[in-house]
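Listed in TrEMBL for this protein:
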DOMAIN    144-257  domain 'Cadherin'
DOMAIN    258-369  domain 'Cadherin'
DOMAIN    375-481  domain 'Cadherin'
DOMAIN    482-586  domain 'Cadherin'
DOMAIN    587-694  domain 'Cadherin'
DOMAIN    695-901  domain 'Cadherin'
DOMAIN    902-1006  domain 'Cadherin'
DOMAIN    1007-1110  domain 'Cadherin'
DOMAIN    1111-1219  domain 'Cadherin'
DOMAIN    1220-1325  domain 'Cadherin'
DOMAIN    1327-1431  domain 'Cadherin'
DOMAIN    1432-1540  domain 'Cadherin'
SIGNAL    1-24  signal peptide
Amino acid sequence: MLCLRRVILYGLLISVSHCLLIHAQGPGPGHFLDPFPLDQQPGDSAYSRAVDTRVQFVVKEGLPPGTFVGRIPTKPGFTYRFNENLNVFKLNGTTGEIRTAKEIDREALPSDQFDLVVLSSQPTYPIDLRITVEDVNDNSPNFPSEQVEVKFSEGANPGTLVFLDPAEDLDTGINDVTTEYKILDGNDDNHFRLVVTTNPSGEPPFLHLETTGKLDRETKAFYTLNISAQDGGNPPRFGYLKVNVVIDDSNDNSPNFDHSDYVVSLNESVPPGTVVLQVTATDNDEGDNARITYYLAESEAQFTVDPDTGVVSTTQILNCQQNCPQNQQSCPKSCVFTVFARDHGIPRQDGRTYITVNLLDSNDHDPTLIIRYFPPTASSASVDENAQNDSVVAAISVVDMDEGPNGETVVKIVSGNELEHFRLESTPSFQLVRVNGILDREKISKYNLTIVATDKGTPPRSSTTFLIIRINDVNDHNPNFLKTEYSAVLRELVPIGTYVASITATDEDTGINSQVYYSIVSGNEKMWFHIDPNSGLLTTRAPLDREQQGTIRLKISARDGGPNPKWAHAQIKITILDDNDEKPQLVDENLTVSLSEEAPPGSLVATLTASDHDQGTNGTVSYYLSPESENAYPGFFQVDASNGRLVSRLKFDREALSTYNVQVIAKDQGVPALSSTATVHLIISDVNDNDPRIYPVEYFVPIREDTPVNTNIVSIRAQDPDEGTNAQIHFAIDSGSDGFFSIDDSTGIITINKDLKSSKKRKFKLLVSAKDGGGRKSEEGIVLIEFLSDLEILKCKQDVYNFSIVEDAGNRMRDGKDVGKVECIPSRKEKGMLRYTINSGDEERIFSIDETTGAIRSTKIVDREVKGTYNLTILARNQNSYGSFYAIIQIEDVNDHVPKLESSRVVTEIQENSPIGSDVYLVKATDPDVGENARINYSLTVNPENVFVIDSSNGLISLNKPLRFSPDLTQITIEVTARDNGIPSLSSRMSILLKIMDYNNHSPIFDHSSYETSLLETTSVNSRFFALQATDQDTGKNAQISYEIVDGNGAQKFGVFPDGYLYVKTPLDREEQDYFSLTVMARDNGIPQRSSTVSVVIFLIDENDNPPIFTNSTFTFYIAENEPPDTYVGKITATDSDVGRNAELTYSIHSIQSDFIIDAKNGFVKSLKSFDRENLLQTTGQDFIALEIIVQDSGSVRLSDKAQMIIYVTDVNDNPPIFLRSSYSAQISEGAPLGSQVVRVIASDIDEGLNGDIFYYLKEGNDGDVFKIDTTTGQIILAKHLDRESQPQYTLTVIAQDTAENNPLSSSTSVKIDVLDENDNCPEFSTQSDSRISIIETTPVNTELIKFHASDPDMGLNQQVSLSITGGNRHETFRIDPKSGSLYLNKPLDFERYSSYTLNITASDAGNPRLSTSTPFQVLVQDYNDNAPMFPSTAIVRQIQEGISINTPIVTVSAEDPDSGLNGKVKYSIVAQDPEGNHFGIDPNQGVIHTLKAIDREFADTFRLTVVATDQAIPTSIRLSAEKLVTVIVEDVNDNSPNFVSMNAALLTKGTEKNVEIARVRAKDLDSESNGVVTYEMISGDSSLFKLNRNTGSLSLKRGVGDVQPRYQLTIRATDEAIQSQRKSSDLYLSILGVSDKSNSGLLTFSQATYKGSVLENEPIGSSILTVVASHSDKSFGGNNPQIEYYITNITSKNGDMQDKLFDIDLRRGILSTAAILDREMGVWKFQLEIYAIVVSTRGLHTTSAKVCVL
């Protein structure tokens, strides 16, 4: 459907009432949305309008890139683009086809609609485009959490509900979540079901988990439910939630004992307090419901039970009855009683068991322990450190001669096993010692276990033994490198064997398991390095080459020596520093190039390229001409030191020299520098710059008139110094032959063509010429042919004349020289003077002859070295006579040349040990002179110490003295002078650099005659410890020194590196050898080798590397109890293999104790106090003290050993009664009846008789006499009623006193009695100052908001208050800690959704029944600026006309902000305008965009404005904003005239044919469409000759022209195609210059054929560049001085592309200036201009042209 209505008034768009609507079908099914509206917004101007065309497409998400979306309407010839960069869609600018640029995910988009603008090429027709992304079911439902935990009480009624968060789905519509929630698994016995309730607010429904029946925590305390949520897609997608259901306990189980009855036997003499047994009851409930308290019946007096542990003990000497069954005479005495177990739940529940105690006889034998080792032949116990748990180490058998319990023993490890690495296991025959943990020999290598066997008698008897277990090493440790990454730096020229690094690893194992072997795993492909497999010493094994590889990474492995070896790896990075070991490598050392001889100075000959792989200055290459080339071609060449460009400096002349061999040196900057030389063979190619020259110029040929036809009469000779075709000469007779003679074109032989007799002429004067292959022509030669019959032969005085002259010295001539005079005698018949000419022998015309006198004279420089003799043929003629003769001219030599040596500088070598008379160098010099002037004498002008002598005649230099210079002097320079014998004599000099080649005549010398040093014996292997230094006065390899230990190193303890550094090669041990005397040899690398030795004595310094060792692993001593302090006990001893302080031993007790002391020096053991054996038995269960003792040496790092010391203590009677506990505690309900048993206290006295009998009484704490105690049994009972609220606790002091007759002893204990609570009080909230709080909506989740406090005066569970939210908590937004009462934010707040919450806070106790109290609490939500302003998604495009008034409103933008107050108040600004220029402004409050500057479409046809909407939140740092792109399209107005950019002059050549294009005029109009279309017409000029194409501007001829006028003047008008009333035009005055054959007559010339100029970019129009000058001779124009005019006829780029008229030239003055502002970045920065200079005169148009290059 197309609907378009425009109203145009005076070129201005007034309004748009309808728009173009296009329904476009996309790739998916279904009908598309109706067109979205286009409304005029407030603030829109009549000068702006919205987009005319709107298009909508729909595309599904998830389709592949390149999916077709739709096609916008297009116009022919237009291209289209999106107004902004998109990465989602791409637009074919030609077809209008839109496709996806990537796969689209609707859920990842900020909106599922794209509102876009499509712009066309000029003129701009915008299209509004909306693309809607349709949802695909590609997202599964998702619960807020993957798993949650909920709780139910096991007493909860069926139908109890717990809220669950429902699932959400990023998809929309039918693809969203449904109400289909299911429990998939985990719902054992179907105890739960899901309840979904519709939310009336329209939000997601409520989801609850509901119980369906009775729960039992003891049957199942935990459920894991897998819940699924289903969406409505097809096929549907699912989401899953894991619900962990915890069942809270109720007290529904009573305690249950392990056994229904217990039977135990006791010695009848056991003292009170003896433990009988421990009973254990369990309760299947949990918490307090499962917490158990034990008690006995009130009537039980002989026994008591610990209420917490269930340990049953005796309270008195037992008195049990013997109750034997019938028919059994003997049976033990026994006591039977009941033990009760009560839980702490509500209500409390009880369980019971029965105990039978059988009494046994007394105990009088100690157990005996016997240790058996494995294998049986072993003398001690040992076990591998990797032994598995339960591995048997030893077996212990125990023998006790007593019977019954007295003979039953218990074996325990009482010390030495603090880490519980071993355990005892009982078998019928043995106690097995088994491994019980992870052993590690490297931490503990030996265990000393103290094992005690105790029988079950009363009192028990025991025995002790000691088991030493040694741990065998197992290869269980990997080698461990000190570092995982090593680094080293080497110079690349280090000698083989150079130290790189010491890479060492350690292994905590021992023996072969700790031996480490090293190897290089990778990185050593070039085999440059070697690692010692035993020591890890890494050295070089081959020469290094940094240019091959500058950084090496070696992977080093360390392997131990175990049978199953373990490995470790480390890396080392080796950086090789550069040495100047590589000379520059030239790409081509012999290069042949050619260059034209007309090449100007500065021409590139060749570019030399050399590479040097060294680094830095070592690899920096510079280029130089060799001295030989400098001398051979002085000033001819120059080479750029940095880039190797070899260029010419002078103009070449091939005829003078056609080839050059130029040597270029490429030298690096290293020290010493290295170099390479390349030879450039330069061949000068010929240019035809020489005319052929005929010589002789004149030929005289007398012939007979009857000479036959075809006879050759003379051969014309001509030469051309050029070569090739340029030197190929072709001869011609220009005139005078009259057909009688012809000349061979190539040989120059003149032949008779026809019979001479027929000629009427008696003489012929032929003019002949020679022309080379390049068209150059010689001067004409003359051939005079006369008949012999008409001639007479002249007689000359001499047939041969001989002359001599001296050459011109130094090639300088001031005046010519007289040579001599020749003379012929004319016949008497002849009249007139003879005429002499030099016919041949002087091609260079060095001489001239006077035509009349015959005097010969030199006219040019005479150089004997060029030619020493001239043989001239001289012709003498008169009218009818002729004669010829010869003149021989000898040139005498002048000493004008210096002797020329082969080079100015020579480098050669000489051996240091060369004998006297040895030839050193032969000097050669040449002199082009002759005679004495060329005889050369040689001498040495620089000769240090007269070591050399030279033969003066032949230049041979030889050795005159032995070379005995300083060893540091490696080269000397001598100077040779070559002098000729001329007068005056001339000379030249040559420098000879003699490199003295070293001879190995010096031995290395150590800087000391011997060395002595000391070294710690623990110095690590590979450590460098002493540097030896030897020097050698030789040089080069003769001075390269290597070192070797040749004696004293039989054990290979030491090594030496190439630099003389000694190092430790294998481990040292002073205890094996305490000093070494080495002999080290220094050997040079000469031939033959020379060496010297030195003695090096190394003393080893003792290190504390041997620990002291005790003489016994266990020391046993005895002391009686009550002995006074400082009593001597015994002495311990140890040994140490070290010496000095390292062997000084110190003894100490390792255990922290205050019982004994050891004299640190002599090992004497003494007591520090008196000992009580009974106390020792009570506290330790044994009558001895086991201590760990240590011996240490006095080394800087002290070493030590450990041993066990056992000290036994004997008995004395001295103990008061002792309560079983220092304090007691009990609980009793406040409602307990009188007489209830509370607790029983028990004391015992380990003394015997009356000293051990005890009675009890209450001393303190029994306020009101609430309690009373049985004096015999210690049973405390309730005497009065209790009230917990009045007094919740009692603390009683109970005294136990023995019955000794004298000085009875007593002790006390405290009994703490807690009165238990009953639940009779409700929780109460503490005074809450605030019933509401206000929080900002951005408060983070889990923030604590407030803390509620509630209390309950009851105790225990009745007092335990838990808080909960029982109402008002929409969407579980808040949560409360049930214990602390802290209220937390559970989910994010959103003020825009809920601004307040009213919560119901409930406090409940844990009593039964449970009591609670509730209070309301309000939470007010404060707004935060969390919403940025939001623009509508619709694209904003407005079209305006250029030139509209400033401040004209064009469009209104509007953004919404859902926040409140200042947070929701929006202000607008424009933050970016493209193009820049601040052309638009915006009302900050209303969003109205208006113009600020004049709008010019020629400046920009589209503006892109970035508008920012910012809220006004305080502070400004939290303000939020949004951006919107506003596109303003500018429509064109015809406000520009066409502007000519073509040249104002053109050439018309004579003979140009019809329709040939003479010129093409061109004008540009900056307007668009028809306003910018230009047409052309010729409004004046010769319309009969010229025609102009209206559209293209092509100017051509209507007819062909023969002769042309000097100049034609045309006026051409360019007019745009705007509507008639608005059209604009401009005129061009075009000069057509008529060029004929005579125009370029040479009368008019430029001062230069080519001009060069430059101008800066952005210079104003009219900036002068240069001036061209043409000139002429006035005489050429008849004395007139016509005016010269200048025209530009063509402008091109350096690539030949035609350019606009960017330059102007002054018609009269020739000043070249800019006609436009130039911009170098536009791509053209070099211009070629063709400029014509013309003169119009009566003789026609005269022209000349020049080229101008403008940079």
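Heads up, the Cβ atoms here are built off N, Cα and C, so glycines get one too.
At the 8 Å Cβ cutoff, the domain 'Cadherin' (1111-1219) and the domain 'Cadherin' (375-481) share at least 3 close pairs (sequence separation 6 or more) and count as touching.
Summarised by DSSP class, the composition of the domain 'Cadherin' (1327-1431) is 6 helix, 45 strand, 54 coil. Across all of the domain 'Cadherin' (144-257), the predicted model scores a mean pLDDT of 88. With helix defined as DSSP H, G or I and strand as E or B, the domain 'Cadherin' (1220-1325) counts 7 helix, 50 strand, 49 coil. The domain 'Cadherin' (1220-1325) shares more Cβ pairs under 8 Å with 258-369 than with any other stretch in the list 258-369, 375-481, 482-586, 587-694. Taking DSSP states H, G and I as helix and E and B as strand, the domain 'Cadherin' (144-257) has 6 helix, 56 strand, 52 coil.
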